[in-house]
Structure formats: structure tokens, C-alpha cells
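Asks: I have a structure I would like to understand better, so I am pasting it below and will then ask my questions one at a time.
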Amino acid sequence: MCLASRLSTQVNLGNMCSRKEVIGMIVGNVALVQVQATVASFLVSIFAISVGAIMNGLFKLEHVMLLTSSAMFTATSSCFVLDFVLVAVILLSQKYRLNPDNMATPLAASIGDVVSISLLSFIASVLFDHIKIHGLWVTYVVLACYMFLLPLWIIVVLKNKYTRPILKTGWVPVLSALCISGLGGLVLDAAVEIFNGFVVFQPIINGIGGNLVSVQASKISTMLHQTSIIGIIPPHTKIFEYPWRALLKGVPYANTARILIAMSIPGNIIFIFVADYIHIGQTSITLAFVLTYVAASLLQIMLLLYIAHIIVHAMWKWKIDPDNSSIPYLTALGDLLGSSFLALAFLFLLSINKEYGADPLNVAN
């Protein structure tokens with residue numbers, strides 16, 4: 001999503017006109033994403049293994065190698081494919097004079113989830129079967145290949161003028177986002193044990209919130225690049241605005257925020273009914289569940305959009321390019337807030353005896 005935001009800004013600034021510039025940006029950004037995917041997938045695997053070992057008191061080398069190799073293969077492969085899909089979408093948007101901020105970033109978020117989860121389940125299954133028959137040697141080969149490729153990707157990035165600064169400054173948001181998402185994962189792990197159906201709706205609230213806030217962050221960043229010099233906040237806004245000015249009416253980005261908030265309501269309602277039908281095979285959602293879920297999702301998206309306003313402008317003031325740094329924080333916060341608010345919604349429904357799955361129509365569950 002950072003790649004989508006960076007390239008969308010460059011298109012809106014008119015910096016992707018010559019073929020040489022386009023090729024340079026694409027090659028440098030693809031190499032940069034490979035470096036970040038390799039390192040981030042390795043670190044998040046170690047985090048997951050460590051938390052699992054602490055909580056369960058169990059440590060197995062087979063599990064460590066399986067998770068690490070599967071995660072690294074999934075992250076790098078899915079990013080490599082998605083990079084070129086995004087480049088194609090952005091170049092087509094430029095050709096037909098569409099705003100890539102409205103298309104590339106949410107496409108990266110939504111398709112990225114589907115591709116990553118599908119590829120992870122497939123690769124992990126294949127490696128698991130292979131380990132049972134032939135042992136761990138294939139996982140060692142996978143890790144060795146990525147350790148060999150990593151310095152090559154770093155050399156490509158360092159020789160590229162478009163991505164060289166990002167390699168040095170872009171690690172704090174990525175690694176911080178991994179930690180924040182890890183907290184969201186702990187909330188999910190605890191809630192799944194308590195609430196029936198929690199895992200069905202958690203990807204919906206997190207996915208929609210992350211997608212919408214990434215659009216807003218990308219659009220604010222593009223407007224700042226177009227109207228101001230980095231380090232100077234434009235006169236039409238400030239870092240800490242009143243919430244209603246940032247979300248409803250006041251600053252120029254409030255129109256987009258208002259549309260995104262309105263879009264989230266029917267989007268969430270449609271998806272929870274679809275997810276419920278796929279999960280159970282019939283509609284079992286009550287009015288109390290719909291109202292509580294929508295309230296939780298609205299609170300999440302409004303809070304995310306307001307935080308996006310603060311983070312993007314604060315980064316701009318501190319001379320940090322928000323295209324490179326804001327989206328990891330926001331999507332990670334979306335995971336944490338979405339999981340937390342959904343858990344509170346399920347807890348509220350439990351307190352009024354309207355919990356999901358308790359309705360007489362839900363006998364099939």
C-alpha cells in the first residue's frame with residue numbers, strides 16, 4: 001500500500017511522464033518492497049513463534065522452520081506479483097485521467113489480503129506434507145535463497161535515487177506496525193476462545209477500516225505534495241483540527257472522509273450478511289447484532305480517519321514523507337481498533353442476551 005501511495009503521488013505530481021523515470025521508479029520500488037517483505041516476514045514469524053512458545057510452553061524446530069519459510073515465501077511472492085498489478089493499475093489510471101489514489105491503495109489492501117492468505121495456506125500445506133516425508137531440508141533451502149537474494153535487492157535499492165532514502169528511513173513505521181498488529185492478533189486470539197463467530201466478522205471490520213483509511217491517507221498526502229513544501233502545514237488546515245472539521249465539514253479532505261464514512265455503513269452490512277450466510281448456510285443475524293456491529297465499525301472508521309489526519313500532517317510537519325510512513329501505522333491501528341471494538345460489541349451483545357449464534361434460527365451452528 002505504501003508503494004501504491006508513493007506512485008499515486010508521483011502520477012498526480014506529473015513525475016511519471018518519461019519512460020526512463022517510470023522504469024527507474026518501478027525497479028527501485030519493487031526491489032524496496034522485496035527487502036521490506038523479506039525482513040518483515042522473518043521478524044513477524046519470530047514474534048509469532050516467541051509469543052506461541054511463551055503462551056503454550058511449547059517450542060518445536062519443525063514449526064519454526066515451517067512458519068518462517070512459509071511466511072517469507074508468501075510475503076515476497078505476493079508482493080512481487082501485486083507490485084506489477086499496482087503498476088499496471090496506476091499507469092492505466094494515468095492514461096485515462098483517473099485518480100489512482102482512489103483505486104491503487106484499496107486494491108493493494110483488499111487483493112493483498114486475499115492473495116496472501118490463499119498463498120500462505122497453500123505453501124504451508126505443501127511444505128508441511130514435504131517435511132513429514134522428506135524432512136526439514138527444503139525449508140533450509142528456502143531460507144538460504146532469501147538470505148542470498150536480500151543483499152542483491154539492497155544493492156538495487158541503494159543504486160536507485162528514488163528509493164535510496166526510503167531504505168534508511170522506512171523501517172520504523174513498518175516494524176512499529178508489526179508490533180501494533182501483533183497486539184491486534186492477541187486480541188483476536190483471546191476473543192476467538194470466548195465469542196462464537198468472532199473470527200467470521202473480524203476480517204470484515206478490519207479490512208474495510210484499513211482500506212478506507214488508506215484511501216484518505218493517500219489523498220491527504222497527495223494534496224500536501226501538490227499544495228505545500230514538506231515541513232510547512234498549508235494555511236487551510238492544521239495538525240489538530242476539531243473532529244467535525246476533519247471528518248464532516250471544514251478542511252478540504254472532509255468531503256472525502258464524509259463519503260468514506262457513508263460508504264462503510266452499507267459495505268459492512270452487506271458483508272456481514274454474506275459472511276453469515278457462508279458461515280452457517282442461512283441468515284441468522286438479528287437487528288441487535290447489526291446495530292451493534294455498525295456502531296463498532298463506525299467508531300473504528302471515524303477514529304481511524306481522524307488519526308489519519310493527525311498522523312499525516314504531523315509527519316509532513318516533521319519532514320517525513322507520509323507516503324512512506326503513514327499507511328503502516330494506520331492499517332495496523334485498524335487491525336487493533338477493529339478487533340478491540342468488535343470484541344466490545346460481542347461483549348455488549350452477550351450482556352443483553354443477544355449474542356451471535358444464540359438465536360433459535362441458528363440451530364444449524
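Cβ coordinates come from backbone N, Cα and C, glycine included.
Curation does not apply to TrEMBL; its annotations are automatic.
Straight out of TrEMBL:
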DOMAIN    1-122  domain 'SLC41A/MgtE integral membrane'
TRANSMEM  26-59  transmembrane segment
TRANSMEM  71-92  transmembrane segment
TRANSMEM  104-128  transmembrane segment
TRANSMEM  134-158  transmembrane segment
TRANSMEM  170-188  transmembrane segment
DOMAIN    202-344  domain 'SLC41A/MgtE integral membrane'
TRANSMEM  259-280  transmembrane segment
TRANSMEM  286-308  transmembrane segment
TRANSMEM  329-352  transmembrane segment
Asks: Do the transmembrane segment (134-158) and the transmembrane segment (71-92) share at least 3 Cβ pairs closer than 8 Å, excluding pairs fewer than 6 residues apart in sequence?
Replies: yes
Asks: Let me spell it out: take the transmembrane segment (26-59), skip the flanking residues so only those 6+ beyond its ends count, and list any with a Cβ under 8 Å from a Cβ in it.
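Replies: Residues packing against the transmembrane segment (26-59) from afar: 3, 6-7, 67-68, 71-72, 74-76, 79-80, 83-84, 87, 146, 149-150, 153-154, 156-157, 160-164, 166-167, 170-171, 174-175, 178-179, 181-182, 185-186.
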Asks: Taking 3+ C-beta pairs under 8 angstroms (sequence gap of 6 or more) as contact, is the transmembrane segment (104-128) in contact with the transmembrane segment (71-92)?
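Replies: Touching, yes - the transmembrane segment (104-128) and the transmembrane segment (71-92) meet the threshold of 3 or more Cβ pairs under 8 Å.
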Asks: Which residues, given as numbers and ranges, are at least 6 beyond the ends of the transmembrane segment (259-280) yet have a Cβ under 8 Å from it?
Replies: 197, 200-201, 204-205, 208-209, 212-213, 215-216, 247, 289-290, 293-294, 297-298, 301-302, 305, 362, 364-365
Asks: Under DSSP, the domain 'SLC41A/MgtE integral membrane' (202-344) has how many residues in helix, strand and coil?
Replies: 112 helix, 0 strand, 31 coil
